[in-house]
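A.B. asks: First the structure, which I've put down as structure tokens, then a few questions once you've had a look.
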Amino acid sequence: MAGANSGTRRQKPNTGTPGTGKSTTASALAEARNFKHICVGDLVKEKNLHDGWDDQFECHVINKDLVCDELEDIMEGGGNIVDYHGCDFFPERWFDRVVVLQTENSVLYDRLTRRGYSGTKLSNNIECEIFQVMLGEASDRYKEEIVTAMQSDTIEDISDNVASLTEWIESWSPWVIIM
């Protein structure tokens, strides 16, 4: 499968996981393939790549330019799994596969309430899943042939997704993102 990137050829593909179940899937896939797991949220906090705090959504307001500047050289080499809940600002050339993880709404609701989500933050995340915002964003931003939706309701789903993505990477010819 030809990648979206027509620039320099990396030695390993890049992947990312913006979306439901992203950290568990990204960690498992990184471990299975000996890739680097880049959690954008953690990177933003560690490197102060934000423009302050959003009280309504209880999160940092990331500075997309600073994040991209920080990741540019890392992404060029390949072998990365990018873990973030959106993809609208990442350069298209960074990824050969964009995986949007999707979760049934009641499962998502239970997961988020267990994490302490409430109010606007909870309803916004549920609405994004109902209206398939992440899949739409990925489909608008990247070539159709590199965007894949995967169900992520159970541990078995996650295991199956990691196995499928591992198989894809083993047969890979450049580049990936998972959402």
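One-based numbering along the chain as shown.
Glycine too: its Cβ is placed from the backbone N, Cα and C atoms.
Keep in mind that this is a model prediction, so the values were computed, not measured.
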A.B. asks: Select from 39-62, 87-110 the stretch of residues annotated by TrEMBL as region 'NMPbind'.
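C.D. replies: Per TrEMBL, the stretch marked region 'NMPbind' is 39-62.
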A.B. asks: Per DSSP, what is the residue tally for the region 'NMPbind' (39-62) in helix, strand and coil?
C.D. replies: 8 helix, 10 strand, 6 coil
A.B. asks: So among the binding-site residues K22, R115, who's got the most Cβ atoms within 10 Å?
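C.D. replies: Result of the Cβ crowding comparison: K22.
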A.B. asks: If you count CB neighbours within 10 Å, which one among the binding-site residues G21, S23, T24 has the smallest count?
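C.D. replies: Lowest Cβ count within 10 Å among the binding-site residues (G21, S23, T24) is S23.
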A.B. asks: Quick one: mean pLDDT on the region 'LID' (114-124)?
C.D. replies: 87
